[in-house]
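Peer 1: Feature table excerpt (Swiss-Prot):
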- 1-21: signal peptide (SIGNAL)
- 82-385: domain 'Peptidase A1' (DOMAIN)
- Asp100: active site (ACT_SITE)
- Cys113-Cys116: disulfide bond (DISULFID)
- Asp283: active site (ACT_SITE)
- Cys317-Cys350: disulfide bond (DISULFID)
Amino acid sequence: MKFTLISSCVALAAMTLAVEAAPNGKKINIPLAKNNSYKPSAKNALNKALAKYNRRKVGSGGITTEASGSVPMVDYENDVEYYGEVTVGTPGIKLKLDFDTGSSDMWFASTLCSSCSNSHTKYDPKKSSTYAADGRTWSISYGDGSSASGILATDNVNLGGLLIKKQTIELAKRESSAFATDVIDGLLGLGFNTITTVRGVKTPVDNLISQGLISRPIFGVYLGKQSNGGGGEYIFGGYDSSKFKGSLTTVPIDNSEGFWGVTVKSTKIGGTTVSASFDAILDTGTTLLLLPDDVAAKVARSYGASDNGDGTYSITCDTSKLQPLVFTLGSSTFEVPSDSLIFEKDGNKCIAGFAAGGDLAILGDVFLKNNYVVFNQEVPEVQIAPVAN
């Protein structure tokens, strides 16, 4: 099901009790409305993820620090995609951006783009007094043929009440139809700066740190389930301990390729180990749980799921017959419960929330909406705990 904005933002004066009040700390609640015309597609979600990492289609041959900022997330398309509102320019224009730990660029539609959808909010450089041209260009292309390109510039960016000055932004002058049909206006990358399209560009998190806007180089991520009201929240410079239960487990990060890479030590179903260790990427910009082909096949067999020949699996629609999928990271285990194992319902047929990713493994939103993650860019490491009920 598809969800869209139905009312203006409402700013709260202070953080929740679990998150100490902080200068510029704000929360914004955004009610959601349901669009019954939307039909989720696991196949499309899988292909989008594989294209992002330039892989071929499978089968085709709390407490915060003194300074923090909070950005609420809209749960769009029934946990398919999450976006937050970011204000860019002076005076500011609000853009719906995909907060993506699997990439590092900040780009969005602009009035310079004739191919960008009119349904998108477009940033107009002529209307911002703090806009400055950069002179460089950028271009992104993916394995499925989708692409976007444009120019670099700098402007002020307001991220959850934290004002980043002279943030490098990428203005789209052209985008393919795959981007034009998306509800979001662009993307805000939260990966490491070694994978920015134009080398040497500082990411928004880099600038939050270097400009002293946050006193710790961390951000906490909570992706709400639609069954629990949807939404979600990013907190920059801290985290919200009311959003998780128990204590946080520290997991080291391998960022040698610019991603938030972790080692999954084991995978279990009902106490039975179904796979040994494998490396995976924590990616808020990927909907599904992608597993290496051999792991996906073993998980599917354990659930009695059938291979659809395109990387996805058909699975029983009866959640009472499904046991949680359990991953070991660091010294703890983290679950994907039975209700999250079903991604798409089509009559009597259900499509699983996990898929075969070739040699690629991604702990996407299917995992992240069940587990709170604090990303620490400086160490680097993450801390993970199960979300509170």
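Placed from the backbone N, Cα and C atoms, the Cβ positions cover glycine too.
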Peer 1: Here the disulfide-bonded residues are Cys113, Cys116, Cys317, Cys350; which one has the lowest number of other Cβ atoms no more than 10 Å from its Cβ?
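Peer 2: Each of the disulfide-bonded residues Cys113, Cys116, Cys317, Cys350 was scored; lowest Cβ tally within 10 Å is Cys317.
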Peer 1: If you measure from the CA of Asp100 (active site) out to 10 Å, which recorded positions from the list Cys113, Cys116, Asp283, Cys317, Cys350 are inside that radius?
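Peer 2: Asp283, listed in sequence order.
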Peer 1: Which site among Asp100, Asp283 has the most other CB atoms no more than 10 Å from its CB, taking these as active-site residues?
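Peer 2: Ranked by Cβ atoms within 10 Å, first place goes to Asp283.
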Peer 1: Looking only at the domain 'Peptidase A1' (82-385), what is the model's average confidence as pLDDT?
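Peer 2: Averaging the confidence scores along the domain 'Peptidase A1' (82-385) gives 93.
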Peer 1: By CA distance, which of the recorded positions (Cys113, Cys116, Asp283) lies nearest to Cys317 (disulfide bond)?
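Peer 2: For Cys317 (disulfide bond), the closest Cα among Cys113, Cys116, Asp283 is found at Asp283.
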Peer 1: In whole Å, how far is Asp283 (active site) from Cys350 (disulfide bond) when you measure between their Cα atoms?
Peer 2: 24
